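Below you'll find the structure, written out as structure tokens, and then a few comments.
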């Protein structure tokens, strides 16, 4: 059945904004924030005051400062009974909203009935100096306070007043006039731009070898002993030892995710299964992770014996009894693995944990978060629909959060951020959210920040040094279907520091060596990724202000592995799209056999005869053809980065029942109980099938991307390889090539290397259409 064409509304739009403050060449403005539109601000830094006169009957003073510009008014915090207060607060007034010509900075005394006027300083906006980063900050000065009639009064105020832009260091900490409705320090903290760092994650490997001299409570039976290991909220256990003695053996590996700084010890307990549902602790020990060995490669670390302790309760107090039982372990923190906290399809970082193993960076990614248009109303405030939008971008270990623009369906952020790039085959994720915590903390009844949509951009699909300015549709799947929540306007530039290093990356394994030398099982990786995402979301939600759990989970795609009929259908269509090329070649060959186009058929006959008479021309001809096709397709190479595709995701024509199933809870909430159990089992099996089908589609799409110029550097490498291969194979005798190839393929295992080959590494780095999956 022919699917309907995609709605124009869901498409990517190229834009031509004025970046870097216009096109003035040589202007210093363009050197600081050149990927965003310049926004001018009037900054007022209120530092401190001295010798303020007393106003109360007692002669004391409760001073605060009011900074007023037209209709906009900001106030500092208040001090009690202090004539020399220090505030060190910054106020920012957007130049676009300035409607006055005079800035008024007033010192007032807080009073019960009416605040007393102490003195003020006036500034004419035409006389205020401009400051352009990277100039040093403007030095504050002492200003004598004046009465309303202009006469001098006792007391001085230290201020710095200047015109700047959003590149100013004071910008993130400033009180903004457009956020005047937000109250309290907590509320202001929740709307400011911030940078967060993911915690450093390690895999902790616990090799449980054996235990000695255990003392079970019932000595008349053979003990059935296992070891339970707990780290934070992660708990794993070994199987019951086959040697049912007081000296059991296991030799089993348990893997955990640990995050620096290490807060909780690893707790091991040796337990005896005395009855089907009853386990008895024989002994336990706690191992602080600070003292655990760290390894960078596959060389085993030394084993250690740990004494087991038993806790007993004596008159309500816990006492430790030390006895001769001990356990033999090999415990180490694995520095050679990359701890996966996001899907490998959309990974933004592939480096191992240990910094010693990091390679040098290959470039810089710069993202300008410009604005959004047509955002959907996300909540109702005072009977009026409103949206308080902010963006979160995640790449590598660095998360950034823009400031929240209050009550706007077309917010303008114009904030620019930079990341170091270590691998071009990585993805940056930018999400847009509605802030539900404007009054500070979690006081609004456990409100959750709503998701407005997200964008993923694969760096390898970007040309180096080109500024991409596009408006991306923000698409979210709801139980009623796919919905466009607005558009986000981004400027993206990927700058490469060394082209040779970057091209060399295409021959390297995608993940660190340890993933191939000592691979983890699929189920292990699934469990460890779940633990890693939980740790990251917990740590970031403890930052101040918090990056909340719902945001981190949405950015890390938690739950993307769950069964979905819609996604399975989409993956099936992807496979059919890849196989469609093979089918079309078959149809073309069938047409040649049936002489539909006699001239083409005759030419194929001649080519066939030449290749039969000169078999050594077969391979060079194929590579030459691929080279020519690659050069031919260069004219139609993609000009825009990939974006969310509703047709590819089968989201535009999803059946309501399928969406109901996708948004159903897991376990299902549909009655009756038996159906629920069976339904869940089918969904979990189908989820595995869905992943396999998706992986098959990914391999086929990578083949397609060899010549599509979707990753311009990879296609350029492949096209050059085809040309070189064509020339070499023209020169060398075919029989020699065939002989060398056969011997190489059949070589002895001792001449094989455990790491994947260069062609395989190159292939795994090619982009697939997973980036465009919704």
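Cβ atoms here come from the backbone N, Cα and C positions, even for glycine.
These numbers come from a predicted model, not from an experiment.
Looking up the ranges 601-634, 635-668, 669-702 in TrEMBL, the one annotated as transmembrane segment turns out to be 601-634.
Packing against the transmembrane segment (601-634) from elsewhere in the chain are residues 592-593, 595, 706-709, 715, 718-719, 722-723, 725-727, 729-730, 733-735, 737: each is 6 or more residues past its ends and has a CB under 8 Å from a CB in it.
With a cut-off of 8 Å between Cβ atoms, the residues of this chain six or more beyond the transmembrane segment (716-746) that come close are 503, 506, 615-620, 623-624, 626-627, 630-631, 706-707, 762.
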